[in-house]
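These notes are about the structure you will find just below.
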Amino acid sequence: MLPAVSQPHCAPSAPFAEALQRGDLPQCARWLQQDRAVLSARGWHGFTPLHHTAYRGHKALSHLLLEHGADSNLPNDAGETPFHFACRRGELGIIHEMVKRGADVTALDYQGKTALHQAVSGGSIVTIRYLEEMGQFTFRDPDRFLQTPLHIAASIGNEEVVKYLLRDSRCRVDATDIWGMTPMHVAAQTGSATICWLLLMETGFALLGSPNRDGLTPLDLAKQGKTHRHHEVAKLLSVYSKEAQNGKPKQPTGLYCRYLLLPGVLSSVVFLTASYLGQYGGIFSLVAFAALGRNVFFQYHRISHLPRSPNPMYVGTFAAGIFHSLYCFYWKILPALWPAKLLLWYMTTLATFLLWMFKELLTRDPGNLRDASCVAEYSTVTQLVQANQNPSRFCTYCELIQPEQTKHCRLCNACMVNFDHHCLFLMKCVAKDNQRLFILFLMEVFACHLTFAAMALYCLNLQYGLSLEIAQTVLSYESWVVGLALMNLATAVWELVILKDQLVMISTNSTTTFRNMANAADYTCGRRLKNVVTFLLTGRRLQSCQGKFSSQF
């Protein structure tokens, strides 16, 4: 391979520059066959062709230039090499190829920034991890302005990179630059309330009173901002500035409990109020539950608070429905049908299994990758890149290489093996170790809901006789029983749809998230039935049909 001819101040020819701009790989290849001098020719701000392709993340063009001898160590007018640009872009294919061809990974630009600083600026955590695995960088190395990677991440407002840098104390939270600014000062100045919260959770309130070189605290810098973001930061820091300096923010436990208990409390209030309204109780219940349902089912899956905790209102609604139905059955329906000992034993057995399964689903590990016994094929990002695997298999939250059919759930904050979905009504993932229990639970709760609805209608029929003429009377005076019966019926239909989808996925050795792409003809009715029965009896999936899996996300 011939070396590139060094012509540092000669701009590339117009046809080649246009082909490069268009990303025309064949045209660039033909041009390089004729003249390799364009590889080191410089254009705007001293950019070489390799600078351009690395900046744009054009993998094929970058490989072409490198194969023809392009130098990944030539700096532009700011001292930035193509390797720096590739790290900022976060294109690991280009970065790895440059490393193999002799890129100077420790080179600094004229601001003293390393490739690690550039990767943090670009926001690619996988690239940051790749550079970390080289062992050539430390996260506490500052640039010429004494800014660490944490300063840079805070300045651009990248919350995920900040979390990564704070994990395992990679960066010092109290490091100051030449202006006396800590990352907290930088986050307050840029108006990032979430990053301020993350820093407070890491270091406590001690840094809130530290001034920079101009004597300004983070609160002072936030108050100087004129945007809504700055006002939110100022409000946050004003509250915590009054706290003891050795303290840390507390999680909003009261807010969490309020969301959890609100559906049960409000539904109790509605039923109790309706019982005192006589003939208007039915109308009141209808309007009240319509408003309550709209409030519950339009909830976001996280609480609107800086910690962004998972919203427990859905599981609170589901639990409230179960306990309200059981209370109504034993207090109202069963006495009206007594003596009915068989019904008592039947419903008590169903309820016992229901509550046990509910408890198990809430407490059992769904299939956390950290606790799983599966052997990882790769252990580092470098191994992934060398094997030409997708770097996105590296989980930036758990810092693990994910095997097939594994996905990180951000609500559970864990990687789940054989991930199916996250159930908001359980606040748990459905995955390898609890999917069988989840399906059995659906069958159990479906039977409970149908039993309650049937017994409620039978009870009303005995008391009033079911006819259109007295329907309004029944609705008005028995709104508690009628309302719960209708909600149980609606829930049973919803559960039946979910159960059908789950069984279809099991029959093809798939999950809701990862679909088996094998030929559908391989799954005959007999094979599908065998897969379902085997899974329900043993919890094992038959692997008779191997196929690639396609993620739905």
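Yeah, the Cβs are placed from backbone N, Cα and C, and that goes for glycine too.
Unlike curated records, TrEMBL annotations are generated automatically.
Features reported for this protein in TrEMBL:
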DOMAIN    390-513  domain 'Palmitoyltransferase DHHC'
REPEAT    45-77  repeat 'ANK'
REPEAT    78-110  repeat 'ANK'
REPEAT    145-167  repeat 'ANK'
TRANSMEM  283-301  transmembrane segment
TRANSMEM  313-333  transmembrane segment
TRANSMEM  339-358  transmembrane segment
TRANSMEM  437-460  transmembrane segment
TRANSMEM  480-499  transmembrane segment
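Sequence-distant neighbours of the repeat 'ANK' (145-167) (same chain, 6+ residues past either end, Cβ-Cβ under 8 Å): 111-112, 116-117, 120-121, 123, 125, 128, 139, 173, 175-179, 181, 183-184, 186-187, 190, 192, 194-195, 198-199, 202, 396-397, 399. For the repeat 'ANK' (78-110), same-chain residues at least 6 beyond its ends with a Cβ under 8 Å from one of its own Cβ atoms are 45-46, 48, 50-51, 53-57, 59, 62-63, 66, 70, 72, 116, 118-119, 121-124, 126-127, 130-131, 134, 136, 381, 385-386, 391. For the repeat 'ANK' (45-77), DSSP puts the residue distribution at 19 helix, 0 strand, 14 coil. Averaged across the repeat 'ANK' (145-167), the predicted model reaches a pLDDT of 96.
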